[in-house]
């Protein structure tokens, strides 16, 4: 997506005389030479590794009873170590695609080995324990090999372990005890791994894991005081990161646009939860003013440079206006009048959004249409 937009921009600048065609071609070639760009071959290679791992484990499982017990254990360990060694050798030779595929195959084999050995020796345990161990070992492998794909795989396992833990450990923080706090620690570890291994997209797993945990631990009970506290804290984080400063520039260069998107998402969702518990017109008005003000601040601070924040603010602003229209007008004018007024409000919002988009896309020095 970004490459296509960059190519169009370079062609536009070349046509307008800002740079010549040779410079545009060199800039695009420089972008293509960097690691971490989309590669169909890389995606297919990783999918092939996952399919090979699944096929191998299914083949072993189908003939599990026919294989002697010592051979089973030795075979599992040999497979895991062989894949890790192959991944390390490929990494040393610069074959990143082969290395990523081999390491994914090793991680998948380790997970299958946990299940098979547990079944073979009738080891006590639950699915959460197995997934947590699988995640921890995968994170260690990602750190040792500096593998971005393994960092993303560890993020997937962490999210799966979170939901499995709710089933096995309990749905309330009191039931889980100290285990209730493993998710934010894992989110920090995955975020650090994603940064260290250059896997920028894997950071979203860390953010999403943290978002899930905040909702489960703090917001799901519907306590207005806790919800307000989470909203204030998250909005404070968003404003601190979004405010123009040298420290903010360094911080965003490390975390990217997600550094402001997810705190804003938490703040808006926490404020939205307050609508459920708000009683009376005054409480509803306070929450509405907070949501609309935060949306306007988000558009003003991050609207030009962060499309994700901009569209989230647009959506939240429109949803809040429609909600207020329903709450304050529907009871007086009826359903038909509500839809008529809601359509008018949406049209006004669309007009404002179009004007803002034109202003954001206008070139400095030109007057926005």
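Just so you know, glycine gets a Cβ as well, placed from its N, Cα and C.
Keep in mind that TrEMBL annotations are predicted by a computer and have not been checked by a curator.
The annotation domain 'DUF2157' is assigned in TrEMBL to 12-150.
Marked as transmembrane segment by TrEMBL: 43-64 (among others).
For 70-90 (among others), the entry in TrEMBL reads transmembrane segment.
Among the features that TrEMBL reports, transmembrane segment is placed at 97-121 (among others).
The annotation transmembrane segment is assigned in TrEMBL to 150-166 (among others).
If one looks beyond the transmembrane segment (178-197) by at least 6 residues along the same chain, the residues whose Cβ comes under 8 Å of a Cβ in the stretch are 132, 135, 139, 142-143, 146-148, 150-152, 154-155, 158, 161-162, 165, 169, 203, 205-207, 209-210, 212-213, 217, 254-255. Taken from TrEMBL, the feature transmembrane segment applies to 178-197 (among others).
Residues or ranges marked as transmembrane segment by TrEMBL: 226-243 (among others).
Cβ atoms under 8 Å from those of the transmembrane segment (255-276) belong to residues 191, 195, 200, 203-204, 207, 210-211, 214-215, 219, 222, 224, 227-228, 230-231, 234-235, 237-238, 241-242, 283-284, 287, 290-291, 294-295, 298, 301-302, 305-309, 312-313, 316, 323 of the same chain, restricted to positions at least 6 beyond its ends. Sequence annotations record features per position, and here TrEMBL assigns transmembrane segment to 255-276 (among others).
TrEMBL lists 282-301 (among others) with the feature transmembrane segment.
Look at TrEMBL and you will find 308-326 (among others) tagged as transmembrane segment.
Residues or ranges marked as transmembrane segment in TrEMBL: 332-354 (among others).
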Same-chain residue ranges lying at least 6 outside the transmembrane segment (150-166) that approach it to Cβ under 8 Å: 100, 103-104, 107, 111, 126-128, 131-132, 134-135, 138-139, 141-142, 176, 179, 182-183, 186-187, 190, 193-194, 197, 199, 201-202, 204-206, 208-209, 212-213, 216
Helix, strand and coil totals (DSSP H, G, I; E, B; other) for the domain 'DUF2157' (12-150): 114 helix, 0 strand, 25 coil
